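Novice: Annotations per TrEMBL:
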type	residues	note
COMPBIAS	980-989	compositional bias 'Basic residues'
COMPBIAS	1034-1050	compositional bias 'Acidic residues'
REGION	815-836	region 'Disordered'
REGION	900-1077	region 'Disordered'
REPEAT	441-474	repeat 'TPR'
REPEAT	488-521	repeat 'TPR'
REPEAT	613-646	repeat 'TPR'
Amino acid sequence: MNGILRTLVAVPTAALRANSSSIDIPVSRRRELAASLLDALALAYAKHSKIDTAIEIMSTRHENLPMLNCLTVRVTAAESYLQLATQTLNESTRLDPSAAVNSLAREPQRANHHLELALKIFDDAIRNSRGGHAGINGQGACSLCSERYDKALECYQEYWNVLWMLGHKDDAKMAWERTLEIDPDSKVAHSLMAAYYLHVTSTMPEYDPSWMNNYRQVIDHTQKAYKLDKNFPMACATFASHFFSKKGYQQCESLAKKAIEYSDVPGITSDGWYILGRKAHAEGELSTALSCYRKSDQTREGGWLPAKIGVGQVQVLMKDIPSAKLTFEAIVQENPKCQEAKTILGTLYAHEVLSAVPRSGFAGSKDDITELHKKAIFLLEGVRNIWRNDKRTDPANEAVLLTLARLYEHDQPEKSLLCLQAVHQIYMEVKETDEDVLVPIQLLNNIATLYWHQEKYSKARELYQEALEAIPLHKEKDEHLDSDALATTLTYNLGRCEEAAGNFEQATKHYNQLLQFHDDYVDANMRLTYMALRNTSPEGPKMISKLMQTDGNNLEVRALNGWYLSKQKRKPLVNIAEDAEQRHYKHSLQHYDKHDRFSLTAMGNLYLHTAREMPRATESDKEKKRKTYEKAVEFFDKVLQLDPKNAYAAQGIAIAMIEDKKELRGAVGILTKVRETLANDGHAVVNLGHCLAGLEQWGRAIEMYETALSKHNQGRDPNILSCLGRVWYAKGKKESKMEKEKAFESMKNSLEYAKKALDIVKENPVFMFNVAFVQSELVSQILQLNENQRTVAGMEAAAKELDEAVQTFKTVAAHKTPPYPPKDIEARASMGRTTRNKLDRAIATQKEYEERNAAKLAEARKRREEDIKRRQAEMEEARRREEEKKAKVANERRRIIEQAREYAERKEAEERERDEREEGAKEGRRRKRTEGEGGTKGRRRRKKDFVDSDEELSGEERRGTRRSRSAAAVGEDGEEPKRPAKKRKKLTRGKAAMGNFKSSEMVHSSDDEDEEITRMETAIETEGVKRRKRVAVSDDEDDEMDDLFGDEDGDKAGDVEMQDQDAPAAATMADDDDDDE
């Protein structure tokens, strides 16, 4: 039964205290514990031989009767508990008749007399999965009682195997070690121990120091089992796997076949077929390997995951990719956490995506490829998440990260960079333990290239240089390394990085260095030619001509030549077929590649430019212009058919929509998407700015132009500056109808941008005309302003601008290539001279207006200054009065405080003197009481003598005296006295001058100051009352004989009378006989 209990629940008895007798749980606390905790505690008490306590705990849980069954069975020795056990078992059977544990718990009661019936019930429990391992243990116990030791041994071995399958591998190991202690020649125990250590080695990496020790245990136990029986299937299968890892394929095959031949266990037979499949797989016999893997999978009930993975791998090697994808998809569906299957399936998807996508990026991919792209990323990211938080770095993760980097390269380059950085980190961690490991040059190059695309040129430069310096080290390690190819690629990339960073001298140096070793390197020649053409070098045309002669069949070279032709100055086209650029692109499409997207896009732009310059005077001209736009759209549409996500073609269609059909709002949506795609292309932003300006969205248009300006030539692009000037001008013209003052400011901004553009391209007639035109418009705008909105100085400055404009018009009209007909420009100059006359008259009028208003302004300014001074003087006077008032109040407060202090001191002195006289009087009375032993008369005589009165006090007078003292003891609190008090001496005050405590004058102070003074007076008066009360109480305590005289119902003496505090005077103490008087 101990075995059954240990199988049902495992209680960590180490958590209990060593002295189990000290463990006690109140009944009230037991009801609060969780059900699982009660079970664990009950079994823990049972293991410590405290069965009574365990049954008491479990008795509170009627819902877990099977557990109570196990506990009650353990105390079957006592007759009283046997009856309790039977009752509990019957109740448990009633609640759950199908529970196998009920039958198992009932059997120990019958085992001694009904072994056959017990065996039958244990067989039923084995068939029920809920009690299988307990049933096996019970079968072993019954066989042991029947002295069938061979059967008992088999049952117990099977029991521990069940524990192994349930995951209790350490418990199984302990049982097998115990078996070897009893029987050192047990081949089964040795094989099972080998299986245990083989499991341990599978949970640790090979570079772990303890891995070799555990694997040595595998070999040792397998050798012992194999020596005991060379046909033992389990040992043969283990040795076959070992020889396969050592590439001893001949021994591996013979041992695997022997395991298949002699084994009657499906698992070992499956292992044999699997090992044969691996051997055939390694030798390249793919058909045999596929057959063996499938037999291994089919032999095991429910299939075997390693064999299924082997089938998929062989299908990949046999180029049966669709079948391999189906195989791995089924594996991933059945085993979502299988890292190997997800890795292979994600790699298959990635290979299909990368082979179908053009080198230019994922823009040319179709929807099905996009879906595969998402699936590949999802699977590989799932694999990555499994080991993302693992602190140990596994070099096998490199392949997954590199594949992810390629998938992210075009759409999400920042994630691609993170993947490559993770691979670099793997190499750096491995390098800490193995200094011979070198970071691959290709990895450094790819990371640097991604940094370059992110415009992080300094980091890219460092990595390129690091890769160049590492080439000799790699060459020493690998003699077959093509170091020249690596050096060529890295030098070119370094030159491109320097060129993008604006270091043209360094870039030229790297390109020339490359051409010294490879003078036919086309890309280096192209970059040098492009820089020469960009800088308008006289060598540029010669270089492009030479390049076309040597590499004219290269589409990249032809594209560069087309760009050069588009930048050449040419006359307005009469026939587009005569244009050299058009003939060049047409030749490229006809003779080299009809699907060349650059040439098609360039043709569309050429037709777009031609249509823009065509006249629209007649209907035939308009029709011809419309057809030219349609021709441009046809070229752009062809590009989009080849590359649905080509942003340049989409941008061309949007421009055609704007210029031909004026569909500005529809074009804004297209251009917005183009801008998102071409984030670093300033032209897309400029086109969007044009469209927004056409919609009169001036603020957004200005924002777009300024964004584009920041991306071009460090803010010195004359065309974009001219666009900014134009949009400010349009904004000013629109505002001139309603807000003339704002319109004038907009015109000033327009003139500022126009001058900036002219500073960059000096003596350009187009930009000169723009500046002069805005200058003349600025004067027209200032003339429209009211007299109170402009100044003479501003008008005189505008006059100078107008003079410059007139002179500029004359210069532009005399230029060889004026932007407009010379007569029209001369007419502008003549208009400027007329405007100047108007401006002169306006300046004279403005001067009269300002002179006329100057006196008014001066008078108003003077009045304003006087008013300011008057208000300041009033504020100063008010401030001075306030300060005087505060000083007076402060002085008065100090005087009152001083008076209060003097009054308090005087009052204290008076009370101290009175206390001393009363003490003397009391002392005299005490002496009289001690001396007088005669009758009452003698005592009355002594009292009379003490009072110092000519006549003895009557009884009524004595009672009145005591009541006076009692009333004085009550004080102002109104409390009833505890005993009659003595008579107090009445204080009288002389007539003193007013002002000892309060001033007779009225003091004007704030409410806070009055409250403070009142509180002080109240405190002083209260303190005096408290002193009088304390004296009265002390008199009552000291004089015990006062109660013998008089009647308590006599008249009460009044309190000490005090003069009103408004006129405190020096009080004098009256004579003791004042009351009699």
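Every residue gets a Cβ built from N, Cα and C, even glycine.
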Novice: Counting each residue once, how many in the repeat 'TPR' (613-646) are helix, strand and coil under DSSP?
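Specialist: Reading the DSSP string over the repeat 'TPR' (613-646) gives 25 helix, 0 strand, 9 coil.
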Novice: DSSP on the repeat 'TPR' (488-521): how many residues come out helix, how many strand, how many coil?
Specialist: 27 helix, 0 strand, 7 coil
Novice: Could you break down the residues of the region 'Disordered' (815-836) into DSSP helix, strand and coil, giving a count for each?
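Specialist: With helix first, then strand, then coil, the region 'Disordered' (815-836) has 15 helix, 0 strand, 7 coil.
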Novice: Over the repeat 'TPR' (488-521), what is the model's mean pLDDT?
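Specialist: Overall, the repeat 'TPR' (488-521) comes to a mean pLDDT of 91.
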Novice: Using DSSP, break the repeat 'TPR' (441-474) down into helix, strand and coil residues and give each count.
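Specialist: Taking the repeat 'TPR' (441-474) as a whole: 31 helix, 0 strand, 3 coil.
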